[in-house]
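Taken from Swiss-Prot, the feature 4-amino-2-methyl-5-(diphosphooxymethyl)pyrimidine binding site applies to Gln42, Tyr43, Arg44, Glu45, Lys46, Asp77, Ser116, Lys145, supported by sequence analysis. Summarising the annotation, Swiss-Prot assigns Mg(2+) binding site to Asp78, Asp97.
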Amino acid sequence: MLFKNEILRCYLIGGSQDTHHDPDEFLTKVEAAMQAGITAFQYREKGTSTLSKAETLALGQQVRELATKYGVPLFVDDDLELAAAIKADGIHVGQKDQRIEEVLAAVSDQLMVGYSCNTAAQVAHANQLNVDYIGTGPVFPTISKDDAGSALGVDGLADFVEQSAHPVVAIGGISLDNVGATLTSGCAGLSMISMVLGADDVAGTVKKILELY
């Protein structure tokens, strides 16, 4: 699958740890989000996840089926073996994950590649790499990732957007109250976890996000 900036517009991230460690609830909410129009999904079974490697693979295969059904690009967080096993469309690499250069060499243009950048130095490094996009944040305080770091704010995000040679997807503390302000940064899109997976009305939340573009 070829990368397009539009993939980043409404980019959902998550795993069973984001739905009370309930894989069934996770799949139900992911399907509702895909049906409502999310533009990408990143399978991220991490942090407080209690799934075994086999369970993570089995759940990932179900996510792959949903992504195929709804035509949603599927990324895997920091696991080349899993990405290959479920035939993901892309992989996302964090600063604390496998070295980005090793990932780029391994995928050899077969997968879309995203890269987390949270400082100006990291963005400058990314500018020298053949990645498809960078994820930058947290824009606002967040509890979805326990290692997220301090918030950049919209102005900090805008500085990174200007510096980056790649499209930027914003992450961290995104809510319906701040979507509009976040988009003024010039970012290509928004990524979220709890805003969608923690919502009572997943489909309604996704549709409201898309309406704000």
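Numbering starts at 1 and runs along the chain as displayed.
Placement of Cβ uses the backbone N, Cα and C atoms for every residue, glycine included.
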### Summary
Given the binding-site residues Asp77, Asp78, the candidate whose Cβ has the fewest other Cβ atoms within 10 Å is Asp78
### Cβ-Cβ distance under 8 Å to Ser116 (4-amino-2-methyl-5-(diphosphooxymethyl)pyrimidine binding site), same chain, at least six residues away
His92, Val93, Gly94, Gln95, Gln122, Ile134, Gly135, Thr136
### Summary
Gln42 (4-amino-2-methyl-5-(diphosphooxymethyl)pyrimidine binding site) has its Cβ surrounded, within 10 angstroms, by a count of other Cβ atoms equal to 24
### Structural state of Arg44 (4-amino-2-methyl-5-(diphosphooxymethyl)pyrimidine binding site), classified by DSSP into three states
coil
### Query
When you measure from the Cβ of Tyr43 (4-amino-2-methyl-5-(diphosphooxymethyl)pyrimidine binding site), which residues in the chain that are at least 6 apart have a Cβ under 8 Å away?
Gly14, Gly15, Leu59, Gly60, Val63, Leu74, Phe75, Val76, Asp77, Leu82, Ile86, Ala88
### Task
Measuring Cα to Cα, tell me the gap between Glu45 (4-amino-2-methyl-5-(diphosphooxymethyl)pyrimidine binding site) and Asp78 (Mg(2+) binding site) in whole angstrom.
10
### Position of peak Cβ density within 10 Å, selected from the binding-site residues Arg44, Lys46
Arg44
